[in-house]
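Student: Once you've had a glance at the structure underneath, I'll fire off some questions.
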């Protein structure tokens, strides 16, 4: 089971995200206008000319510098976004609308006066997130540091016919693995910003005309999880400004399906204060933010209700502003290290998953770990709750239609300690076919009782409880559900309404 939701995982509600590899291989987009195609051919000719000129310069003293410039020029032609590490402009700030029901996203008073990073996702430097009890200083073997730093410089020294290779990346990792935390700090401090960016770029690059093919996200996370936990706070802050592996991007977020595009918001990262868990993990701790990852938040709620220790034991506080999170892929554990920085809006409100306790961080850490593993926050929009629970527990889930569950069957799943979540109906093509439970103005159940909130199309819910009621009256059975938008505001429906209002039941054994 892959962590990435498959295309069409929320049928009829969201366009599938493009496969990153196929997007990169689509070097020459189809054009309808002949002039645009001609411009692209002209670009190819220009590249050929540059290559010829570069070949003449390779063996001169300036050859390496010219070749580097040529390589950047070629990358700018082949890339989607202008140059990246060759001096291109940073991504523009993301704009995301605020979802409906502002009461579900009341301002979080935890926002303080700590410095905020620039819009686009990178912090400016140390702030309120610095550990209050720094770890004791470790001894530094300066000879080891000097040798490692010299080797790193050599591994990153490139030319036209000598790009950074996978062997060079392996070499850098091996040099760092043999050092303690203080020595890693010294090596990173001895690297220029350009060298750090080059290192990260070579690891993250999925495809390029010349040079290495880069490392997979899982491979990079293995390396960061070996290096970052022992590094200092200052080293973490510096790296957080360079790599998206520990500070995932969010400029591709589309938002929840039931959101409205109101006044846009420029998001940024802010360092956080708090503890991963305060007074234990509870499903009422967490509320969904502006991302359309209800499938994952509902999974977190369901697993927390079944066995809170699964989440409590998944997070390791490294004591330097980073956290290592255990998730699962195909039943095997994978470890992701991220910072505790929060994604916020200009008013200081947290934009994404958050806890009802301002000093508790586990909801945002668990969400950020998945976003980091998938490559961005936008990559975790849309999915099945059954997959989300597998990611958290490593146990296989089942997904069946609501018609296959009686009220007694559903109750039996909960009584066995299983985590249970739901998929709501897809948006109908015509309002004439709308289920009364989804009515935007006066939602009612089949007994005429007005609901405090309508059901949301294309949404995931947690199943909280089942009451079988009067054994002689099946219509007395009820199912209580929880919208992940809220921490603890359940809704109880007659069983028949539940069966007709939802499409699928997702169950995970957890233990």
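A Cβ is built for glycine as well, from the same backbone N, Cα and C atoms used for every other residue.
Those TrEMBL annotations? Automatic predictions, nothing curated.
Straight out of TrEMBL:
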type	residues	note
ACT_SITE	294	active site
ACT_SITE	459	active site
ACT_SITE	483	active site
COMPBIAS	118-130	compositional bias 'Gly residues'
COMPBIAS	422-434	compositional bias 'Polar residues'
COMPBIAS	437-446	compositional bias 'Basic and acidic residues'
DOMAIN	277-511	domain 'Calpain catalytic'
REGION	1-20	region 'Disordered'
REGION	81-142	region 'Disordered'
REGION	418-446	region 'Disordered'
TRANSMEM	41-62	transmembrane segment
Student: With Cβ-Cβ distances below 8 Å as the criterion, list the same-chain residues six or more beyond the ends of the compositional bias 'Basic and acidic residues' (437-446) that contact it, or say none.
Tutor: 425, 453-457, 493-494, 496-497, 500-501
Student: Could you put numbers on the helix, strand and coil content of the compositional bias 'Basic and acidic residues' (437-446), residue by residue per DSSP?
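Tutor: For that range the per-state counts are 2 helix, 1 strand, 7 coil.
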Student: Looking at the domain 'Calpain catalytic' (277-511) alone, can you tell me the average pLDDT?
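Tutor: Mean pLDDT for the domain 'Calpain catalytic' (277-511): 94.
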Student: Let me know the DSSP-derived helix, strand or coil state of residue 459 (active site), please.
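Tutor: Where residue 459 (active site) sits, the three-state DSSP reduction gives coil.
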Student: Can you check which residues sit near residue 483 (active site), meaning Cβ under 8 Å from its Cβ, same chain, 6 or more apart in sequence, and list them in order?
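Tutor: In sequence order, 453, 456, 459, 461, 489, 491 meet the Cβ cut-off.
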Student: Please report the number of other Cβ atoms within 10 Å of the Cβ of residue 294 (active site).
Tutor: 29
Student: What kind of secondary structure is residue 294 (active site) part of, going by DSSP in three states?
Tutor: helix
Student: Residue 459 (active site) has how many other Cβ neighbours within 10 Å of its own Cβ?
Tutor: 24
